[in-house]
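Asker: Relevant sequence annotations retrieved from TrEMBL are reproduced here:
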type	residues	note
COMPBIAS	107-132	compositional bias 'Pro residues'
COMPBIAS	133-146	compositional bias 'Low complexity'
DOMAIN	4-79	domain 'Ig-like'
DOMAIN	382-473	domain 'Ig-like'
DOMAIN	477-571	domain 'Ig-like'
DOMAIN	585-640	domain 'Ig-like'
DOMAIN	670-763	domain 'Ig-like'
DOMAIN	772-871	domain 'Fibronectin type-III'
DOMAIN	872-965	domain 'Fibronectin type-III'
DOMAIN	969-1057	domain 'Ig-like'
DOMAIN	1066-1155	domain 'Fibronectin type-III'
DOMAIN	1168-1267	domain 'Ig-like'
REGION	99-169	region 'Disordered'
REGION	299-318	region 'Disordered'
Amino acid sequence: MPEPAKKAVSAFAKKPKTQTAEVGATVVFEAEAEKPDAKVRWQKDAKDLATSDKYDIKADSGKHSLTIKDVAKEDAAGYCVIAGGSKVKFELKLKEPEAVKEEAAPAPDPAPADAAPPPADAPADGAPPEPAAPESAPAVPDSAPAAPAPAPAPETNGHGTDTNADRRMSVDTRQDLTGLFTEKPQSGDVTVGENIIIVAKVNATSLLKKPTVKWFKGKWMDLASKSGKHLQLKEIYDRNTKVYTFEMHVIGAKANFAGGYRCEVSSRDKFDSCNFDLTVHEARAVEEFDIRAAFRRTSASGGGKKKHGAGSSIDGSEDAGELDFTQLLKKREAVQRRKDEEVDVWDILQKAPPTDYEKIAFQHGITDLRGMLKRLKKMKKPQEKKSAAFLKNLDPAYQVEKGQKIKLAIEVADANADVKWLKNGQEIKASGSKYIFESVGNMRYLTINHCSLADDATYTCVVGEEKTATELFVKEPPVMIVQNLEDQMVMKGERVEFLCEVSEEGATVKWEKDGVELTRDEALKYRFKKDGCKHYLIINEVSKEDCGNYRVKTNGGESVAELMVQEKELEVYQSIADLTVKAKDQAVFKCEVSDENVKGIWYKNGVEVKADARTHITHIGSHHKLTIDDVKPEDEGDYTFVPEGHAFNLSAKLNFVEVKIDYVPRQDPPKIHLDTMGKTPESTIVVVAGNKLRLDVPITGDPAPTVVWTKGEKVMSEADGRVHVESTKGHCIFTIEGAERQDEGVYSVIVRNPAGEDKADITVKVVDVPDPPQTPRILSVGEDSCVVEWDPPSFDGGSPVIGYVLERKKKKSYRWMRLNFDPHKDTTYTAKRMIEGMAYEIRVYAVNAIGMSRHSTPSQPFVPVAPTSEPMALCIDDISDTTISLKWKPPERVGSAELEGYGVEYCIEGTQEWIPAFEGLTDRTSVIIRNLPTGEKMQFRVRAHNMAGPSAPTMLAQPVTIREIMQRPKLWIPRHLRQTLVKKVGESINLVIPFQGKPRPKITWKKDGEDLDSKAASIRNSDTDSILFIRRADRKDSGKYDINLQIENVEDQADISIQIVDLPAAPLSVKITEVWGFNVALEWKPPKDNGNCDIIGYTIQKADKRTMDWYTVYDQYRRTNCVVSDLIMGNEYVFRAFAMNMVGSSVEPCTTVESAFIQKTGFEYKPPTYKEHDFKEAAKFTHPLVSRSVICGYNATLSCAVRGIPKPKISWYKNRMDVSYDAKFRTFSKQGVLTLEIRKPCTFDSGVYMCKAVNEGGEDMIECKLEVRPPPKEAPKEELKK
């Protein structure tokens, strides 16, 4: 049982029912709304009702009633009550008194007088029960409730659909077939969730190419790209009828599927299209059936049924009696009978005037008025009368490429009729060369030049009151992408601009990001800009979320580019400064950078500073601070702040000032205090290349010692511009500006004074960014990836390499894109997200703690490609004791790289080693592998190779044993050799007899049962055929040739018949048997040699003995005797005969020995005399001149036809003036057709033209009128600009 549809939500708790009343009665309709404050309207025939003398409308807290007083015939109509979006329809019907009496008449069978009369709805004996018609119910008084109707009125929300009406749309709506369609797609209706199939048929009998069909929704939405769950396009071809059937399946229709559709079919230069509509109706709500309302209760008195009077109600005793289920059954049968007796509303609509359509639709429950009018229009369309003004109408639709021209043609019944052309209802005026109007006889043409999208419109041709219309579709050519997008890498927060250039100005493009279409959002994240053929995508303030692939699409191509967003370079807002502090004071180093999330490390003389009780390190927002409390002398030194992840640092010096209390002069030996710097003599000072190297060494000694700095044996002085040596009290300072790699080494400081000297060594290590890595190598490529490998840099910069950064770019581009932001530790990397078939290059940077090296040399260009799919259908073609022949089909998917070839390998069963069958690759899809071990069981596989490498292998289903397979010998005699082979003498004979059999069979040839002479014919045998060759055939080569094939005890044989034919010999003894009158009888015998074939006839020739010129009398004459007639008397004749066969005539003839003399008869021939015929004929015109109207400036011609003997003299006149010799006019006369050409006529040349013909027999003249019209005026330039 089908699941019931979901019940619609109604605004009524109680609905009014259809009632039947008598004329003059009062009827009350009641309704109850769900909401007490709901506004309710009552309507009659779609017109609102108001309280009046006729109608009384009441409303009381949700209960509403309509009272109709003094019911008359005009009150019998359709009514409805409306609340919100709900509408309930009901009717008021009038009861016919005569019909009531007839229906209430008792059954013809007599009944007892005391028996209670049966109810009106009781069935007669032997007849099926029939319910009482609703019209027979008695009228109800004002105070009584309304009588129950047979069925509740259907409720709609104003959008319902008459399903029965939709199903009756199977009427014949066929249209006249034009163009390519043999059956055009028809408009259809479907309910939401249901399926529908639209069918179009094309007859391909007269087409040279398979027709192409496209389905569109609206104007340009191609449905081929929308195929899927709800839409499927199918094609069926019937080979017998050569008819293509194209189907559009709409599955599970939705409301948005409704609209106009178009089907286009094209084949070479032929084109046709057809429009159709699809209407989608909402699913109708099915009201629940109230079974209790259908029950009837019987009377409780005596168990009989109580008959109600005319004014009583059947619900008066609702709780009395028992339930009578038979009433329910009768009621359902009544409903069924009403459906069977339903009238066809479409017949009513076709006969009714359009003003009554709305009333009829309301009465029959049709709410889709638009769908009703469309269907009614189609039903009436075949009945339309043929146009009296047009002999040929415009086609339903035309299509033209943008920029091309199109010519619309119609044929009118009246050659002098004036036509008007309209575009979208507006008359087209002649202006410039855009529109050209032509009138040739009954044909009228409109030519539209340089079609643009503005010309996509409806065009109408009007003649008097009649018109014909068509729709012109202007198809844009595909928009190609001229300049592709470029990959971009920007810093966070910057502005990005993607640019592409297309082939046409004003073209529409579509921007996507990772497959999602981009639009202008509220935050103006994306902006789209057009500048001629250039299109821009602008992204303001990019963020990490904007990374991805950006694609621009046109209807002719697409381009993709990648956007990578990098964090901004760190900016220093406040650097640290040198400090000079006293003992016990506080030293504070502080700096500020642009990024609040960047952390940093503090160093003192190259050693990381750790926080302790006196040292405090803080990071608040973008501020970094180092605080040293209770400064001591050992705190003096160089302090550096290094931001993490950035290759720069901030440096400053802390100077300690000692407060001297007294001075006691004395001499102390000098001493270097490296321990006060926190360094031991073995410590190493690390400095970044390019930074300043500053060695501040505390020294003591009295008097002040002298200081010497050395590096190895070289004394460091300020002669080098980068070196600065400075001595202060208690310190010696050595500075190198911009430290370089060669500055690395051991530096010695020597201090001397009169009291002694001291020496200390300081090791300096200069660290730098590493050298570039070696050139990267591409190990392998994939469909969108590659594996790259490189060697580490030759020098790591003094600091271990912590990783590598890679970049790639398209070969034809200049923009490098970073592949990784975090250093990659290995020397191999898999690069992904590349476009297959595009050439790329890759370069590598090395990264250490100091920074990033220069980039390496780019790799060789490479193209990401995927290996092909495996070859298909590998099978064994042949096998022998030492060879095997394999064949296969190319792979299903090759990819963007071309196929380089196939590799074949084999493996002996029991081993895992695959051995190449041959060196290199083969381009063929078959191969013969030789020198295989006999009896071995082997497996074979084939792989396809391209620049990406080998594909997956395809293997035989199971291993195969290398052994010859016994095959019975079999001869395959060609069809033309199954009958006698006929050859001419001297021709060559080449018989190729294919055979099969393994091992190779023994072949024997014989002729007429004897061994074939090797000198007469040569034999060549191969593994698959045997050839018999005779260079020049002779008559003796005719005969029966036998070929025998034998393998051990099995053999096969066949015979071939050869017939060598030649020219026949001459016939024998041609002689004259009798001569009489002008006739001679000849007789001869057949030739002795017929040329090894049948004689097909003889050629008989005669010759006069005086001239001996031979003439053929009979050719291919089959008998051996003949009679030669019609000879000339007085002449003497000889005769000869040639024999003929299929090769030709005999070389030599056989001639008669005797001659035949034709005697004279002795009478004289007198020819008859005839009266000479008079062929003279008076001049007369056979075709008149036709009056014409021409345009000024274009040559015009006037033509007519004349006959007469002798040839008449022709004269041309204009307005009775002879113009035959006027230079402006040219006259022509050919086969009696006379033409007068008027060169570039002007309005002066208008007038009456006459042509006059004169000869000996008489004269004739003819005339016509010529009208020369001025050319149409061109519109002013200002209007053309507008």
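Indices start at 1 and increase along the chain as displayed.
Every residue gets a Cβ built from N, Cα and C, even glycine.
Neighbours and distances for these, please.
Answerer: Computed over the domain 'Ig-like' (382-473), the whole-number mean pLDDT of the model equals 86.
Residue counts for the domain 'Ig-like' (969-1057) under DSSP, split into helix (H, G, I), strand (E, B) and coil, are 6 helix, 52 strand, 31 coil.
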Asker: Have the domain 'Fibronectin type-III' (1066-1155) and the domain 'Ig-like' (1168-1267) got at least three CB pairs under 8 Å, pairs 6 or more apart in sequence?
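Answerer: In this chain the domain 'Fibronectin type-III' (1066-1155) does not contact the domain 'Ig-like' (1168-1267) - fewer than 3 Cβ pairs sit under 8 Å.
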Asker: Under the DSSP assignment, what numbers of helix, strand and coil residues are found in the domain 'Ig-like' (4-79)?
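Answerer: Secondary-structure composition of the domain 'Ig-like' (4-79): 3 helix, 34 strand, 39 coil.
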Asker: DSSP helix, strand and coil counts for the domain 'Fibronectin type-III' (1066-1155)?
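Answerer: Summed over the domain 'Fibronectin type-III' (1066-1155), the classes give 0 helix, 51 strand, 39 coil.
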